[in-house]
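Visitor: Once you've had a glance at the structure underneath, I'll fire off some questions.
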Amino acid sequence: MTSAAPAKKPYRKAPPEHRELRLEIPGSRLEQEEPLTDAERMKLLQEENEELRRRLASATRRTEALERELEIGQDCLELELGQSREELDKFKDKFRRLQNSYTASQRTNQELEDKLHTLASLSHSWIFAIKKAEMDRKTLDWEIVELTNKLLDAKNTINKLEELNERYRLDCNLAVQLLKCNKSHFRNHKFADLPCELQDMVRKHLHSGQEAASPGPAPSLAPGAVVPTSVIARVLEKPESLLLNSAQSGSAGRPLAEDVFVHVDMSEGVPGDPASPPAPGSPTPQPNGECHSLGTARGSPEEELPLPAFEKLNPYPTPSPPHPLYPGRRVIEFSEDKVRIPRNSPLPNCTYATRQAISLSLVEEGSERARPSPVPSTPASAQASPHHQPSPAPLTLSAPASSASSEEDLLVSWQRAFVDRTPPPAAVAQRTAFGRDALPELQRHFAHSPADRDEVVQAPSARPEESELLLPTEPDSGFPREEEELNLPISPEEERQSLLPINRGTEEGPGTSHTEGRAWPLPSSSRPQRSPKRMGVHHLHRKDSLTQAQEQGNLLN
């Protein structure tokens, strides 16, 4: 057994001390004590057991120490594991929060990106709107420039039109002055044919002029006395009541206008029409031809019927019904404040006198129709209007002969007056009624016959335009047809020559009545035969009025 034991290799390699012990001791002992007895063998085995026990105890202690170390390490590792787990949880929370914030920031970024896209689209639309506004501004600038140019052109046009209006105003003033200078355009009116108010105004005017000239008693006016148109113009220029269609002065406490609007109603019926009876307040014609109201005829002014107040008219009034004062006649209406013209201008009074002289011929149309004249050259028909022609035969004979020359003269005179703007010739400028030099001679001749002062009344005044005379006229006058139509001479010398023989007739027969006929020897041979068309060119534009006037027996300018 011993020889075979060392020869065997152990199963595993033992530690060095064990190998040394096992190899050295038993081998040496076996080699040295091979012949040992059993007792020695037992002793050696016991020692080996004790040594093994000692080694086992040390190994156990080491194992326990290692176990304790392992437990301590395990506790430390568990602590570290818990800490690492806590840290992991913290990290997980942080990661979760970071992830949430990231998603939130991502959503915010998406929203911001959408807003940026919308802002970009809005900016594009804004840019387009800005470009459009700039284009509109440029267009408006161009329009402003064009409108400014148009305004400048309009201003220049307005200035030119104002200059033309000024020229036309001056031309109208010149035309009115020419019409006023040419006294043969208007006929004289009988004192009895004038309206009552106009008779009172003429009587006051003549009485005031006579009192200023001589303090003696003023002569009375005869019904057949002839009132020149210039006297009517002078009377109507005075600031008195100009309401010929009202018995009361509706403008007594108000300032009067310089010019009034004359409306001639040409749409009424025949004066003798039974459909238009006299109104209660109409005046009754007196035997001497003068007009008196009903209150004055009865002798009680308190019993006068109230008349309607004066109604102001627009510049183009509608025709009114027949007035109670003048039933069946042409109503002349006035407006005091529609036409305002400066006080210095000669246009208002002249225009008013011209229209009044024309319209007065329409007022007495009723009396002309009431007495038809068998003789074609009666004064009523001869004095109906400046263009009255008693029979159509002289018109057909004289008008074609002088129509060409009169039209040419008209064109030449109007071109010279209004186009070339040349002053009127001396012969036309001197066509006034009576000058200052003619008044003393007429006073001297008419002062010899005191019996005729009821018929012949002079109108003295400080101005030459007011120094005209009221002359009588009778039916059987020896006028030529042209003089009978126009009834006024051209120059003051011819007027004086036509008026002076009347004084001689009154001196020869002072006791004769004013109803006797007197011949007025006018120098008709020295005057050229003129055509009635020299009145003006208005007949070319008022054909309806001309036709109606020809049918009624009156020619209206």
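Glycine too: its Cβ is placed from the backbone N, Cα and C atoms.
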Visitor: According to Swiss-Prot, one residue among Ser214, Ser491 carries the annotation phosphoserine; which one is it?
Guide: Ser491
Visitor: What range among 49-68, 309-328, 329-348 does Swiss-Prot describe as region 'Disordered'?
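Guide: Range annotated as region 'Disordered' by Swiss-Prot: 309-328.
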Visitor: Any idea what the model's mean pLDDT is for the coiled coil (42-171)?
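Guide: The average pLDDT of the model in the coiled coil (42-171) works out to 94.
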